[in-house]
Amino acid sequence: MSFSVDVLANIAIELQRGIGHQDRFQRLITTLRQVLECDASALLRYDSRQFIPLAIDGLAKDVLGRRFALEGHPRLEAIARAGDVVRFPADSELPDPYDGLIPGQESLKVHACVGLPLFAGQNLIGALTLDGMQPDQFDVFSDEELRLIAALAAGALSNALLIEQLESQNMMPGDATPFEAVKQTQMIGLSPGMTQLKKEIEIVAASDLNVLISGETGTGKELVAKAIHEASPRAVNPLVYLNCAALPESVAESELFGHVKGAFTGAISNRSGKFEMADNGTLFLDEIGELSLALQAKLLRVLQYGDIQRVGDDRSLRVDVRVLAATNRDLREEVLAGRFRADLFHRLSVFPLSVPPLRERGDDVILLAGYFCEQCRLRLGLSRVVLSAGARNLLQHYSFPGNVRELEHAIHRAVVLSRATRSGDEVILEAQHFAFPEVTLPPPEAAAVPVVKQNLREATEAFQRETIRQALAQNHHNWAACARMLETDVANLHRLAKRLGLKD
């Protein structure tokens, strides 16, 4: 088989139709899956010895949240090293990163796999992966044809990365010195709320404004602070963290501003405070609403004049520090109640950011679950950690009052429980592995009244075909076991499968 000019033109056109990079990438992947007739396809970006999914088709949604470290995925490492088309034999001993992640085929191993590394010049920037359930699925395509596909995808990805870099530079102040690239914190989520938050982070990071980050406990406010710092001109300098809620009143001032020897009992030497440590960098004050009014006044002075005084010292020290503050309180209410200074609130909230709670982020919960599943897989040395359909349904309908932190702990606990109930190094997370309070789940989709588009015979055959497929998937394509599950004779099952087009 060879690609026609029309096929290649269609791929190129799809790359131009999208409004944004994400839309273009999704169109590319969807078109490729149709053209190559594969069961699953993915476009991955390469960054710091890991592949990050940008768009997928035919794979479970949680794949978008996973981060595939090369040391944990030998097939992806082989693709990264190859420099050309990589075809993995059906009996390859290297585990496929997508085993168990093709919906409806969770219990089956991927058979056919092709990897296409994507380059910009001599630099690896990403990869295309194509997977199929049949061992010879991609034999009809030559390496040269697959290289054409890779070239189109590489061009699209390279242009997107270049535009992203230029847009980031254009947001920098005109007199800012270009800074060395720093590994960026990954903020996982494609919901409207997270997309807007990422845009706001990109805008404010390039400035030197103080930022107030608000959000419920466990939403990831510290991660937002890291993302702001890493995308700022101060990225090569320190990001210093201080949890104001954990500060005893007796040492709070010393922690912030430092002290000199003999300033108080126990001050046996001079000590720098967090502001000095963060000089020319960023200071992140977590739970700032917990600071006393007296300390708020001293913090305000630093923000106004840029100088500090160590405890026990009359001299002032100049510091150049950007302050990022976070709170899970409504500071406006705290101001009205007299527990927080209005002038400090206005100094801090020049550019306020609000981190949405997990219950308002829709399918982001599945992406984050995928991320934590992959983390657990690497930490525990497992071959795979997969979410069942029931587990995904449960996660999507639980409110998560503890937000992302609660989800992380729930995934880790579920992996440990699942691992204890089955042998081997493969873990499938079921709904019963999650100890959530009662969750009201919607009725199964099958309970909905379908729109009739077939006659009775066609509908019956479609139902039989899907039932046999699911039974085969659950029994690793063992026809005898499948027949036992369906309570039918194996010979009759073979004849029915042939009539339904499931067997040659």
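Cβ coordinates are placed from backbone N, Cα and C, and glycine is handled just like the others.
Sequence-distant contacts of the DNA-binding region (479-498) (same chain, at least 6 residues past either end, Cβ-Cβ under 8 Å): 464, 467-468, 471-472, 504. Per Swiss-Prot, the feature DNA-binding region maps to 479-498; the stated evidence is sequence analysis.
Under DSSP, Lys221 (ATP binding site) is assigned to a helix (H, G or I) in the three-state scheme. Residue environment of Lys221 (ATP binding site) contains 24 other Cβ atoms, counted within 10 Å of its Cβ in all protein chains. Per Swiss-Prot, ATP binding site is recorded for 215-222, 278-287, and the stated evidence type is sequence analysis.
Residues annotated as domain 'Sigma-54 factor interaction' in Swiss-Prot: 187-416.
Annotation source Swiss-Prot lists 4-aspartylphosphate at Asp57. Annotation note: Asp57 (4-aspartylphosphate) sits in a strand segment as assigned by DSSP. The Cβ of Asp57 (4-aspartylphosphate) has 19 other Cβ atoms within 10 Å, all protein chains considered.
Over all protein chains present, the Cβ of Thr282 (ATP binding site) has 24 other Cβ atoms lying within 10 Å. Around Leu285 (ATP binding site), taking its Cβ as the centre, 24 other Cβ atoms fall within 10 Å, counting all chains.
Here Asp57 (4-aspartylphosphate) is positioned 41 angstrom away from Leu285 (ATP binding site), judged by their C-alpha atoms. Summarising the environment of Asp279 (ATP binding site), the number of other Cβ atoms within 10 Å of its Cβ, over all protein chains shown, is 17.
Put simply, Asp57 (4-aspartylphosphate) is 33 Å from Gly215 (ATP binding site) when counted between their Cα atoms.
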